[in-house]
């Protein structure tokens, strides 16, 4: 990871919270809010100035019982979201974790992408378009980041996924992921023991959780939701989509290494301050 990029994680003493952005995390219904809460916590820990969780009204109290520093705003549907997004201070939207893969999710994704604001699409925000990926690609823009795991990637990019499985070298894998990023018109972060990132402009990066950075305990529920939140928080702080994906992937592994075996997803955001201290921020 570039020392210059890491140095930019430091906060300046002459700034206030709105200088570090406001992340809106869209959440699912009753009993489905845990994933979005993980994303919201991670966005706040990585330094976003404000974070708001937006569940349907019926799930508001459930989430309020478990959040303090994170604000709440009920969002029933796309029409309500449109009104919420009239607030120009909301700088980044994270959606997908625990959202549900139905028509509501597709409508929310469309509303978010229509604003042109930076957005992170994960989990159900991707799965909702598994039957019609071109519909999603037509809405995407260069300020969006997609964070699929291998299965989600295969549903959106079946031909590229097959090529990726058959590839025998990293050069081919990079080329295939770049082609997928071009199709989507957005940054793609493909999660795995080696996380691969590609930008439609041609930039690429890899972050391996292998060798001396092996973190096999990341293979547990909710860690991907945390990664989506880290990337969202970094976008809110002003990093580019490619930079946010790279930094998020690196911090994700570093936090896991601080926790070690026995890690659960809730541990990751709480380990971020230690990573920052070790960086001297």
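Placement of Cβ uses the backbone N, Cα and C atoms for every residue, glycine included.
The (6S)-NADPHX binding site feature in TrEMBL is assigned to 35, 98, 149, 225. The Cβ of residue 98 ((6S)-NADPHX binding site) has 26 neighbouring Cβ atoms from other residues within 10 Å, across all protein chains displayed.
Positions annotated as AMP binding site by TrEMBL: 191, 192, 193, 194, 195, 224. Reduced to three states, the DSSP call for residue 193 (AMP binding site) is coil.
TrEMBL lists 1-279 with the feature domain 'YjeF C-terminal'.
Using a 10 Å Cβ-Cβ cutoff, residue 225 ((6S)-NADPHX binding site) registers 28 neighbours.
It is 195 that, of the binding-site residues 193, 195, has its Cβ surrounded by the most other Cβ atoms within 10 Å. For residue 225 ((6S)-NADPHX binding site) paired with residue 191 (AMP binding site), the C-alpha to C-alpha distance reads 11 Å.
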